[in-house]
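Database features, via Swiss-Prot:
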SIGNAL    1-21  signal peptide
DOMAIN    83-475  domain 'Peptidase A1'
CARBOHYD  95  N-linked glycosylation site
ACT_SITE  101  active site
CARBOHYD  203  N-linked glycosylation site
CARBOHYD  232  N-linked glycosylation site
CARBOHYD  242  N-linked glycosylation site
CARBOHYD  245  N-linked glycosylation site
CARBOHYD  299  N-linked glycosylation site
CARBOHYD  358  N-linked glycosylation site
ACT_SITE  371  active site
CARBOHYD  480  N-linked glycosylation site
CARBOHYD  522  N-linked glycosylation site
CARBOHYD  532  N-linked glycosylation site
LIPID     548  GPI-anchor amidated asparagine
């Protein structure tokens, strides 16, 4: 059973004003050109079943257990992956660690008075305030109504300020926090004391976010000084969660339209939704970077490090040509005039066996969310069934996965077509193995709105996120290179070219149709490709004119990647 994430945003008042964040170079700016307009954040890859037991050596694995009734039970461990960065917040600085997430846009950190911390346990005498409100005037939550994530659902509301600035609506109620729940070791990733910082300023805007696994965070927005990597950031709005059962906060670097002040129900309560300057925008407005862009490089699945690079692209970390495709708006029918998340169009999916045997499964256009906060890959049920059939995999209702013979080598690849260029992912990227038993780590979804390209896909791609032009540039990732060839992004991504099918994007949902051909290029639509691409006229059979990814690479920047995996049984 898939654990679905549920996120909701609750805002008690609008920010009083927009604060322009500033970046002050730290003393140890950079060893290279101090005038370079890019920012590198380092990350590690870590794995585990929870944030409390993560480690760099805990790779995803499948274990077989013999039950008393004679049946074998499959236990899947270490399945979830995240990225984390270390921050110093406040004056004097307090150390906290947060997860980096391209699928959200707000920064929140854990408060030191969190009652779920074992050090703060006061049993049932420690109570939390739950805002109660009359929804009759709001028409419900905008987030709930639009279901912006497809596979995510939730509720949100903006609550008018009271005398305290935190309550609202028709009153408040209290709920106790049992001592049995106050068990978190909050010192592991750090907490933040607002009273311990002379520079913290609250703006009395209430924040709340919740997740489908039962975790949540609530608190108040404010501003303070942040130090991360070689930067000192001032004026960045973030939330301090004085109540959360999640052991780590989140640094959201997504589109500003995904901020809780915009995609929550602020419009229903105040008459307008608004966006504030989140972390990537603050970097640009302060002059630290020239464009609101960043490049993500996960390296291969066995690597312990990866990088994210704000405001630049590293040509040493990818091979072939960097192709650009538009971000598509999957929520236009819900009233959004522009995209709020990183959805792109998959124009086709196929399977290749070392290029000697290629088969196209479908050329139906599918919208897919690029999400570094999701470990596995989720595709429409019909497509997963096609892949399973080609691999000879059988679905096990008891396990909830397709079971297949473990591949003997990496010759088999799943090929994703994006507007006429390919990202090839070896089958091993999607395999969960015990050594003798293998599971297909591609999860079927009920329709195309739930398609997610998670880390198992993103490991194979170098991805540049252009938040200003609403475009994504991708190329095949090059692994374990120590060289750098960094180029600043000013307006458009350097060396990137529009994909030949740039305008051939998803617009409406459609049934998945089998067949087609992604391994040849129609002669009437031949585009100029750099690299060693052979073109030919499309035919009914998938004769190979496979795109060669060439020999260019893009370097990215370091962050701390944390992998957690939930058992889907």
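Any Cβ shown, glycine's included, is placed from N, Cα and C.
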Exercise. Non-local Cβ contacts of residue 245 (N-linked glycosylation site) (under 8 Å, 6 or more apart, same chain)?
Worked result: 116, 181, 184, 214, 215, 216
For this session: State the three-class DSSP label for residue 299 (N-linked glycosylation site), counting H, G and I as helix, E and B as strand, and everything else as coil.
Result: coil
Exercise. Counting other Cβ atoms within 10 Å of each Cβ, which of the glycosylation sites 232, 242, 480 scores lowest?
Worked result: 480
Seminar exercise, completed: If you measure between the CA atoms of residue 299 (N-linked glycosylation site) and residue 480 (N-linked glycosylation site) and round to the nearest Å, you get 7
Exercise. Using Cα-Cα distances with a 10 Å cut-off, which of the recorded positions 242, 358, 371, 480 are near residue 101 (active site)?
Worked result: 371
Problem set entry | Cα-nearest neighbour of residue 203 (N-linked glycosylation site) within the listed recorded positions, 95, 232, 242, 371, 480 | 242
Seminar exercise, completed: The glycosylation sites listed are 95, 232, 480; by CA-CA distance, the one closest to residue 358 (N-linked glycosylation site) is 480
For this session: Write down the Cα-Cα distance for residue 480 (N-linked glycosylation site) and residue 232 (N-linked glycosylation site), rounded and given in Å.
Result: 30
Exercise. What are the non-local neighbours of residue 95 (N-linked glycosylation site), defined as same-chain residues 6+ apart in sequence with CB under 8 A from its CB?
Worked result: 86, 87, 88, 190
Exercise. Taking the Cβ of residue 371 (active site) as the centre, how many other Cβ atoms fall within a 10 Å radius?
Worked result: 25
Exercise. Which Cβ among the glycosylation sites (203, 299, 358) has the fewest C-beta neighbours inside 10 Å?
Worked result: 203
Problem set entry | Assigned conformation of residue 203 (N-linked glycosylation site) - DSSP reduced to three states | strand
Exercise. Just the number: how many Å between the Cα atoms of residue 242 (N-linked glycosylation site) and residue 371 (active site)?
Worked result: 27
Exercise. For residue 480 (N-linked glycosylation site) and residue 371 (active site), what Cα-Cα distance in Å is obtained after rounding to a whole number?
Worked result: 22
Exercise. Using DSSP and three states only, what is residue 480 (N-linked glycosylation site)?
Worked result: coil
Seminar exercise, completed: Cβ atoms other than its own within 10 Å of the Cβ of residue 101 (active site), all chains, total 20
